Amino acid sequence: MLVFYAEFVVLFVMLLPSKNLTYSLVNGTVFNTLAFLALASHFRAMCTDPGAVPTGNATKEYIESLQLKPGQVVYKCPKCCSIKPDRAHHCSVCKRCIRKMDHHCPWVNNCVGENNQKYFVLFTMYIALISLHSLVMVVFHFLYCFEDDWTKCSSFSPPATVILLILLCFEALLFLIFTSVMFGTQVHSICTDETGIERLKGEQARWEKTSCWEAMKSAFGGPFSPSWLSPFSDLRCKRDPNDHLVLPQGEIIEDDVIEIPLV
């Protein structure tokens, strides 16, 4: 709804009444493109499986099918009764374990995990960009209206125009700050190969950390290309669902442990 409000003010208060056709076309195209990409990224982050672990799979038959070596252990989540891969965490909202869970985001009504982190990063980036673009256009429109007649710079009355622009300015500034912080936090988490929940819990790294560039390629689905910026491209680096399932004996974790006895 907030994006549609910004769309209304940008188009009907600032761009359509403008006498400069080139200015209106360029800014209208840029704003609508960014808004479309932001909404598409939001949809993908909301609807993409973040990396949920199948619930209730901690059965004897399934564990035997893993063909574990003697002395190896797997970890069972006591809350959802699932085999818990390394770096997976149980979400109290989704009621399931999520692989490389960063956090549960109410804005997308979904967890942010290894399968949809790219789309969440794009969502925060595009919202920050349209917020910045809106702020710049509001400033220029105020300057234009001060220099010209207020009754000619908008199809609305001067008081209505001022109120609509101030509300848009407040909305854009608020979301510019919020999404910029979220974007920076997500990029930092990817580059340090440490999720938000791992950082909050102060977990010691039991995994071999990768470089920032390799972590970015893993999160965005391959080597750098224009597809990194597209919410319509899927992750090309498909993860094995059993990857990092088995941990070496001796690791400590606050979950139930299922150990394959030595023979």
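In case you wondered, yes, glycine gets a Cβ from its N, Cα and C as well.
Long-range contacts of the transmembrane segment (20-40) within the same chain: residues 3, 6-7, 10-11, 122-123, 126-127, 129-130, 133-134, 137, 229, 231-232, each at least 6 residues beyond the stretch ends and with a Cβ under 8 Å from a Cβ of the stretch. The feature transmembrane segment is assigned by TrEMBL to 20-40 (among others).
Annotated domain 'Palmitoyltransferase DHHC' per TrEMBL: 76-201, in sequence order.
Within the same chain, residues 3, 6, 9-10, 13-14, 27, 30-31, 34-35, 37-38, 41-42, 44-45, 48, 105, 108, 112, 153, 165, 168-169, 171-173, 175-176, 179-180, 182-183, 186-187, 190, 219, 229, 231 sit at least 6 positions outside the transmembrane segment (119-144) and bring their C-beta atoms closer than 8 Å to a C-beta of that stretch. Marked as transmembrane segment by TrEMBL: 119-144 (among others).
For 156-178 (among others), the entry in TrEMBL reads transmembrane segment. Tertiary neighbourhood of the transmembrane segment (156-178): same-chain residues 2, 5-6, 9-10, 12-14, 127-128, 131-132, 134-135, 138, 141-142, 145, 150, selected by CB-CB distance under 8 Å and a gap of 6+ residues from either end.
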